Structures are given as structure tokens and as C-alpha cells.
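As written in TrEMBL, here are the features:
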- 1-15: signal peptide (SIGNAL)
- 61-364: domain 'Peptidase A1' (DOMAIN)
- 79: active site (ACT_SITE)
- 92-97: disulfide bond (DISULFID)
- 262: active site (ACT_SITE)
- 289-323: disulfide bond (DISULFID)
């Protein structure tokens, strides 16, 4: 954190220095000063940004973002399963908005009116409102002219009881509502980070500190660095091919399985037929956690590499006597048939790099 603070201070200082494109230096001191400024600028651009993530009940991972000048602070889900940023608007009348921080455009000197209406549907409910533009501060770095959603209506009870205020989508622009450029893409194109990638490290225990989102690369101290790259099969969600799934010694018979790596999904949610077969082989997960040690290992083969999930990985343990099977079935639309969403339970086991530049995701065993 100290290193990050130093970089941010340097960024502020350097941002105030104007350098001529064709400078003429008459002294060695001037040449040295120019060299050091250029070196520091390059270092700042290439440095990663570390954003702390809160872990609530191993089910909600969220972190800080600010909008406006002066900054208005929010807690948001960093969601690789969507692409838009939205926060509650001051004009929102839903119950959920009264229990969360709201954005007031009148208090921001960098606000620019947009006004276009939008609607976003999630599995747990939908939101609607209108678009606005302002400066977004993320991990201490500023993204200017960012279009985001001011939500005036939040449907569903899940938003009302959520610990987070809004959502910051980190998937591809192709699925962005109204084709709004995602925040991370603006962070990259505006030169804040040089690597067009980010990585999620999620802690395993309820309330444990240390969960981190790295913007612009990854942190080599958080994994065994046994990285394996997996090419994407589509540039919408972070969608990959799954070669096969084995539960203990029993192979799942469904073929052509697809995976979506989604930080915004807590569990391992899949097409009903697929998950039913997986759970048939797993057997009953006792709610009192008494049979954890006897449950089978689930092995997911991705791009020729086996990723093993032990019972302690795929069972959500709320307490020492309260367990939930993390494999959950849902009625997916036809285009998502045979799809398994690799949510937070998977990302906790495998430190995950989301790489726009290489059109891939990479996994390494988390420490």
C-alpha cells in the first residue's frame, strides 16, 4: 500500500508538469530532469493498481470506487459477468436506494449530462435509470469522461439487502448495454495501466482480509505462478471451452460444455441438466457439514489441464455446522445450454487473470 501511495503522489506531481514535445536543453541538469520525468511517467503507466476487496459471508465480494469531483464514494461488485457501471441515483425511489449511497450530479463539477435511458437485467433482479458522464476514481487512479448508469429503480429484494451499492462490469464491450465503454477499457486506453488485463484474488474464509483486484496485470506473490492460459471462445463474457468434468471416478456424459468465468456469481451455477448429473455423482451434501470428508473431488478439465475442486472448495461452508452444495442448477436460455459458470468458489481456488490483450483467461493455484 505504501508503494501505491507513493506512485499516486508521483502521478499528481508529474501531472502538473508540462513537457514540450521538442525540448531544447541547455544544461546537463535540465537533460537529467527530463530523463527522470520520462522514466517516472513510464514507470507509473506500467505499474499495477491494487484495489482491496471486501469478503462478506463468502458470497459477496465488493470494493471501493468513487464518482465525481469531489469524490462520492460507493461500494460495488467488480463483475466479470457484465460490462456496465451503475450506482443508485439521488432521484431513485426504490427501497434499495434508501439503504445505500446515492450519486448526486449537482455536487460534481465534472458531471456531464447524458440522459439516455437504460435497463439491465440480472439473475437476481433488474435495474433501470439513465446514463450520465463523470470522472471515476478507481484504486486511486482517475478515469475521465466515463459514462455510467444512474439507477432510479432497483427490482428484487437482493439489492435491498446487499452490502454493495452498485455494480462495475468488467466483461467485453460487446455485451455492454447501450454500447457504453467499460471502465477498465477506458482505464487502459487513457494510459493509466499499460497491460490490458486484470486479476482477481479472493480469500477463502468469511471475513478474511486480503482479497485483491489487480488492475494491469497480476501479483506474483498471490499464487504458485503455475499459470495456464486458456483461449476465449467468444468475446462477450469470459467464455471458455470445458473439455470434460469428472466427479470422483465418474465422468459427466454431457459433451460440448462451455464455461463462463464470473466474479459476480458466488457459486458454481450451471445449466440444469449439467448440474443435475454432477450432483448425482456428488451425492448429498449434509447441511450440518458432517460428511464433507467423504465427498468426491470434482475435476474440471480445461484446455488439457485438470483443475481439481475438493469438497472444501465446492461446498459453501457458512459455519462449522452449516454447509451448502456450491453446484446449483438453473434454467439457462438455449444459447447457454451445457454452460457452467465458474464463480467465486472456483476463483478462490485458482487466482484468475482476465486478459483482453491475449483474448484469454489464465489460472494459477492461489496461495
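Any Cβ shown, glycine's included, is placed from N, Cα and C.
Nobody curates TrEMBL annotations by hand; they come from automatic prediction.
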Distance between residue 92 (disulfide bond) and residue 79 (active site) at the Cα atoms, whole Å?
22
Within 10 angstroms of residue 262 (active site), Cα basis - recorded positions out of 79, 97, 289, 323:
79
Residues near residue 289 (disulfide bond) in space but at least six apart in sequence (CB under 8 A):
315, 317, 320, 321, 322, 323
DSSP three-state call for residue 79 (active site): helix, strand or coil?
strand
Including all protein chains shown, what's the count of other C-beta atoms within 10 A of the C-beta of residue 323 (disulfide bond)?
22
Near residue 79 (active site), which residues of its own chain have a C-beta under 8 A away, given they sit six or more steps off in sequence?
167, 168, 169, 170, 171, 262, 263, 264
For residue 92 (disulfide bond), list the number of other Cβ atoms lying within 10 Å of its Cβ atom.
21
Which same-chain residues, if any, lie at least 6 apart from residue 97 (disulfide bond) yet have Cβ under 8 Å of it:
88, 89, 151, 154
Any idea what the model's mean pLDDT is for the domain 'Peptidase A1' (61-364)?
96
